[in-house]
Amino acid sequence: MGLWRFLLAATAARVADEMVGVALVLLALDRTGDPALAGLMVTAYALPSIASGPVVGAVLDRSPHRTRVLAANGLLLAAACVGVERTLGHGPSAVPLLLTAVTGVALPLTSGGYSSLVPLLVPRDQLTRANSFDAGSFSVAAILGPGLAGALAGGVGSPAAVLAISGLAVLGALATATLPRVARADADRPRLGRVVRDGLVHLATTAPLRGATLATVVAFLAAGLLSTAFPLRAAEVGAAESAGGYLWTAMEVGSLVAVLLLSRRLLAGDRPERVVFGCLTAHGAVLLTVALAPALPQALVAAAAAGLANGATLPAIMATRQRHTPVGLLSQVSVTGGSLKIAAFAAGAAAGGWLVPAVGAGAGIAVAAAGQLLAAGLGALAARSGSRPAALVD
C-alpha cells in the first residue's frame with residue numbers, strides 16, 4: 001500500500017514538473033509576445049538546480065522529516081505558479097522570473113528526492129520491482145506532462161495550464177504527507193557542510209557509482225541535441241516541426257514498456273552499473289535509425305525502439321546508487337545525480353541550437369547516438385578504475 005501511495009505522490013509531482021516548461025512558455029508568449037522572456041522562464045526554472053542539487057540533497061539526508069521536505073517542495077511549486085500566473089505580463093518581468101528561480105532551487109527533489117525514499121519504504125527483496133515502478137513514473141510524467149499543458153493551454157488558456165500545475169503539485173504534496181515517516185537510521189545529524197562534502201567524495205570515489213553517474217551525465221549531454229534535431233528531422237520527412245514532439249513521446253512509450261516488462265529481468269544480477277552501460281550502447285545503436293527513417297511512421301517506430309533499448313537505464317542507475325551508497329548519503333547522491341543530468345541536458349540543448357542547423361538533423365541525431373556509445377565507454381572505464389567496496393543501503 002505504501003508503494004502505491006508513493007507512486008501517486010511521485011508521479012503527481014513529476015507530471016507537474018514536466019508541465020512547467022510548456023505552460024510557462026505559452027503563458028509568457030500569450031501575455032507578452034516575447035520569445036526571449038519565454039526562454040528565460042524555462043532557464044530560471046532549470047538553472048538553479050545545477051548548484052543547488054548537492055545542498056538540497058544533503059538537507060534531505062539530514063532531515064528527520066524527509067516526506068515533509070518533499071511535500072513542502074510541492075507546495076512551493078504550487079505557490080510559485082499562482083504567483084507567476086498573477087504577475088507575468090502585469091508588471092516587471094523580474095518578479096515572475098524570481099518566483100520561478102526560487103522554486104527551481106528545489107527542482108532536483110522532484111526526481112532524486114523521491115527516488116531516495118524507495119529503499120526506506122520497501123523491503124530489500126522488493127527493491128528491483130519498486131525501482132521499476134519509480135522509473136516508470138518518470139516516463140508517465142514525460143508522456144503526460146507536456147501534452148496536458150499543451151491541451152489545457154489550447155482548450156482553456158495558458159493561465160489554466162499554469163494553475164493546473166499548482167493543483168497537481170498540491171495533490172503530490174498531500175499524497176507525500178501520507179507516506180510513512182522516514183529519517184536517518186541514527187540520531188546523529190552531522191553538519192550540512194560535512195554531509196555535502198561526504199556525499200560528493202563518495203560519488204567521486206566509489207567506482208561503480210562514479211562510472212554509472214558519468215555515463216548518464218554524458219548521455220544526457222548528447223541527448224540534449226535531440227531538442228533541436230527531432231523537430232527538424234520531422235520536417236525532413238515531410239511532417240510539421242511540431243511532430244518532433246511525437247518522436248519524444250514514442251521514445252518515452254518505448255522506455256515505459258522496457259521499464260515495466262524488461263528491467264526486473266535485466267537487474268536480477270549484482271552489477272546494475274553494467275546494465276546502464278549496456279542499455280546506453282543499445283540505445284545509441286538504435287537511435288541512429290531515427291536519422292535513417294524515410295518517413296514519419298518509420299521514424300516513430302525507430303524512436304520507440306530507441307526508448308525500449310534505453311528503458312532499463314533509469315532503474316539501473318537507481319539500483320547502483322542504492323547498492324553502493326550508505327543510507328545517510330543516498331538523498332544527496334540521488335539528487336546530485338539528477339541535477340547533473342538536468343545541467344547536462346540543458347548544455348546539450350544549447351549546443352544543439354547552433355550545431356544541428358549547421359550539420360542537419362540527421363547528422364545531429366547521429367552525433368547524439370554516438371554520444372550514447374561514448375557515454376557507455378567512458379562510464380565503463382570509470383567504473384573499473386580505483387574500485388572500492390560497496391556500502392550497501394541498510
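Yeah, the Cβs are placed from backbone N, Cα and C, and that goes for glycine too.
Heads up, TrEMBL stuff is auto-annotated, nobody curated it.
Annotated transmembrane segment per TrEMBL: 38-60, 69-88, 94-121, 133-154, 160-179, 200-226, 246-263, 275-293, 299-317, 329-355, 361-383, in sequence order.
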Q: State the residues, same chain only, that lie 6 or more residues beyond the ends of the transmembrane segment (246-263) and have a CB under 8 A from a CB inside it; answer 'none' if no residue qualifies.
A: 128, 131-132, 135-136, 139-140, 142-143, 146-147, 226, 230, 233-234, 290, 296, 299-301, 303-312, 314-316
(Q) Pairs of Cβ atoms less than 8 Å apart decide it: which stretch in 69-88, 94-121, 160-179, 299-317 has the most with the transmembrane segment (200-226)? (A) 299-317
Q. For the transmembrane segment (160-179) and the transmembrane segment (299-317), does the number of C-beta pairs under 8 Å, pairs 6 or more apart in sequence, reach 3 or more?
A. no
(Q) Can you work out which residues elsewhere in the same chain, 6+ from the ends of the transmembrane segment (69-88), have a Cβ less than 8 Å from its Cβ atoms? (A) 9, 13, 16-17, 20, 24, 27-28, 31-32, 41, 59-60, 63, 95-96, 99-100, 102-103, 106, 109-110, 113-114, 117, 159, 162-163, 165-167, 169-170, 172-174, 176-177
